[in-house]
Each structure stands twice: as C-alpha cells, then as structure tokens.
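As written in Swiss-Prot, here are the features:
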type     : residues                                                  : note
ACT_SITE : Asp89                                                     : active site, proton acceptor
ACT_SITE : Asp262                                                    : active site, nucleophile
BINDING  : Asp89, Ser90, Gly91, Gly92, Phe93, Asp143, Gln185, Gly212 : substrate binding site
BINDING  : Cys300, Cys302, Cys305, His331                            : Zn(2+) binding site
REGION   : 243-249                                                   : region 'RNA binding'
REGION   : 267-271                                                   : region 'RNA binding'
Amino acid sequence: MSFELLATDGKARRGRLTFPRGVVETPAFMPVGTYGTVKGMLPRDIEATGAQMILGNTFHLWLRPGTEVIKGHGDLHDFMQWKGPILTDSGGFQVFSLGAMRKIKEEGVTFASPVDGAKVFMGPEESMQVQRDLGSDVVMIFDECTPYPADEDVARVSMELSLRWAKRSKVAHGENTAALFGIVQGGMHENLRKRSLEGLDEIGFDGLAIGGLSVGEPKHEMIKVLDYLPGLMPADKPRYLMGVGKPEDLVEGVRRGVDMFDCVMPTRNARNGHLFIDTGVLKIRNAFHRHDNTPLDPTCDCYTCKNFSRAYLHHLDKCGEMLGSMLNTIHNLRHYQLLMAGLREAIQQGTLAAFVDAFYAKRGLPTPPLG
C-alpha cells in the first residue's frame, strides 16, 4: 500500500491510497460487510454506490464459516466476489462487546463463542493469522477497546496492554505484504492517547487508527479527542477513525484531518427506514409518505432515487418486504459516498469551509467551531 497526500485545506486532507487491488481516494467511507456481505447488497450494487473499499469482520468470519471454508475459494475477495481492497478489523472490538462472556489476560482473550458457546481463544498471533488467511489488504492490530467511562488508571492499563499486543501483532504480521495499521487507545485521556501514539510510532505501522470512540461517550468528548489527535499523527500515513458515524461526524472528522471511516449506520438505519437526505434524516415509515409520489431525494443519482417514489418505499417498509431494505441501503450508501466525494472536491479546490457551511445550512444548523 502507498499513500499520497494530494491537497490540504486547513487540517483536512485529500489523499490517495494505492493497493494492488485498486485505488482508494480519500477521505473515504468504507461500508461494513460483517459476514462477508454488506447486508442486502450485491457486490455490483456496492460498487455502483461509489464505494472503493469495504470492511470485513475478522471475529465473525473466523467463527463462521471459518477460514478453511474461505481459503477453499482463495480468500475473502474470491469468497464474496468483491474485487476491490478490503480492510479487516482485528476482532478486538467484538471481543470487547462480549462483556462478561470474555476473560482478558496477557496472552489474549478467552470467550464463549456467540455461535455455539464453545470456549475460544484469540490473541494477537491468532488475529494476524486469520487476517492473513482472509487475504486482507489492510490488517488491523489486535487491541483492547478501552470502555467508556474509564478512569485514568483503568484506561492506562488497557492502553499499555494494547501496546504490548501491538508489538506482538507486528511480529506475527511478519512478511505479509498487506498494510498493517496500529490503533491509538487511551480512552478520553489526552496524556494516554499521546503515549499510545508514541508507542505505536516506535513500533512502526503503515497507517494509524483512532479506536475507542463511538463507544457510548457524549459527542463533545469524541470531538475533544479529534481536536488534537489526528494532527499529532504522521502526515505521510493514512488516519482512520474506526466505527464513526453519522454524516455530521464524518464532516467533523474530515475537518480535523481524518482520512478513512467505517460505520454500520447507513446500512442499519436503512433497514429501519431511516434514510439520509441533504436536510437530515427522513423516516420513510411515517404515514404522510403514503401518498408522496416524489423521489426520496431529488438531488441523489442512486438507483432508488431515479426509479422509485417515497410512497413505494413506504409501502415496502410497511409490508416488511426485503426489497425495501435493499433500496434503502442503496440510497444511504450512495448518500455517504456523495458526501465523501463532495468533501474531496472541496478540499482539492480549497473551498471546504463553504462546503461545510452549506452542509449544515441545509440541516438548519450552525457550523460547529473547530477546536
């Protein structure tokens, strides 16, 4: 993987990631394909939304169907028929999400499989091997996602464990030609975040991610971290904000120098009838859409908006038809990709401030200040 910085506008960056499997223009949003599929989407439909790269879930794919099944097809790209780059998370966040079902030790994490209840162990070495077997283009280190809230002592212990696991991840990654990203932890504590970043810089990674956000903290706490952390990261490496978020969160991350994002929000919200449009969120199951013959979003060029009315989408939602979720997902993912394309163009042209002002004005909101 190579990263080229093409333009800046304030803290915001316009870049390009180049992989053997394709080019990713940044800032970029990656749809989440947890089980080897972006829910409700054919690979050609994902590509048609403008997505250049997707995310796969190491933890879930390891448990089911297992890497032997996937390797029987070649790798995850062959298994799911996605030809572009794939980033895989390490499994750390999913293990964190198991709560009382898991035990964390220096070696790694032992937990009861959510698939069949069997006792399972995963550590840095296992995570690196699974991601190698998946044929990931970007591999994430195995880390512990610091919970929220966490006082400084708890966050320090967690961050230091993640740094030790980062070293083991780097060793286990070995001669794998895929990119390896470190993950900055430390909770909401600036001194710990800075120490985590210093430790990761000493180990050496191809890119760096910001972990431990969007885990229940108030938005102002997340913004506080983003006000200082991306600017401390190496300028010649991509910066990835994990698991975030709403369109507003993407805009605020880009304004502060983040290059890559992923989140289940556009796909999950689509299945619940919450559709993103320029003015905010449209709830398609509301009764007043029953007789609305207008397109979902007249400014959107997706298949859904070009072909179907709000009344039809409302009908599908009320009937529980799977086509409704599919059409909603096509639109939400296209909306996110159009937003990212607009941000890239604005940075390139040096007009990001005007773009951001217009983005918020359409929502009837003031532009938040930059910290």
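Backbone N, Cα and C define each Cβ position, glycine as well.
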Inter-residue Cα distance where the pair is Cys305 (Zn(2+) binding site) and Asp143 (substrate binding site), in Å:
41
Under a three-state reading of DSSP, tell me whether Cys300 (Zn(2+) binding site) is helix, strand or coil.
coil
Rounded to a whole number, how many Å is the Cα of Ser90 (substrate binding site) away from the Cα of Cys300 (Zn(2+) binding site)?
34
Please identify, from the binding-site residues Gly92, Gly212, the residue with the sparsest Cβ neighbourhood, meaning fewest other Cβ atoms within 10 angstroms.
Gly92
If you run the three-state DSSP split on Asp143 (substrate binding site), which class comes out?
coil
Per-residue pLDDT averaged over the region 'RNA binding' (243-249), given as an integer:
97
Mapped DSSP class for Gly212 (substrate binding site), helix or strand or coil:
coil
List the residues in the vicinity of the substrate site, defined as same-chain residues other than Asp89, Ser90, Gly91, Gly92, Phe93, Asp143, Gln185, Gly212 with C-beta within 8 angstroms of the site's C-beta centre.
Val95, Phe96, Met140, Ile141, Phe142, Glu144, Cys145, Ser162, Ile183, Gly211, Met242
Rank the binding-site residues Cys300, Cys302, Cys305 by how many other Cβ atoms lie within 10 Å of each Cβ and give me the one with the fewest.
Cys300
Looking only at Asp89, Asp262, which of these active-site residues has the biggest number of Cβ atoms within 10 Å around its Cβ?
Asp89
Using Cβ atoms only, which residues of the same chain lie under 8 Å from Phe93 (substrate binding site) while being at least 6 residues apart in sequence?
Cys145, Gly211, Met242, Gly243
Which same-chain residues, if any, lie at least 6 apart from Gly91 (substrate binding site) yet have Cβ under 8 Å of it:
Asn57, Thr58, Phe59, Trp62, Met122, Ser127, Val130, Phe142
Neighbours of the Zn(2+) site Cys300, Cys302, Cys305, His331: Cβ within 8 Å of the Cβ centroid, same chain, sequence order.
Pro295, Leu296, Asp297, Asp301, Tyr303, Thr304, Lys306, Ile330, Arg334, His335
Given the residue listed as 'active site, proton acceptor' and Asp262 (active site, nucleophile), what distance in Å do their CA atoms have, once rounded to a whole number?
11
Densest Cβ neighbourhood among Ser90, Gln185 (binding-site residues), 10 Å radius:
Gln185
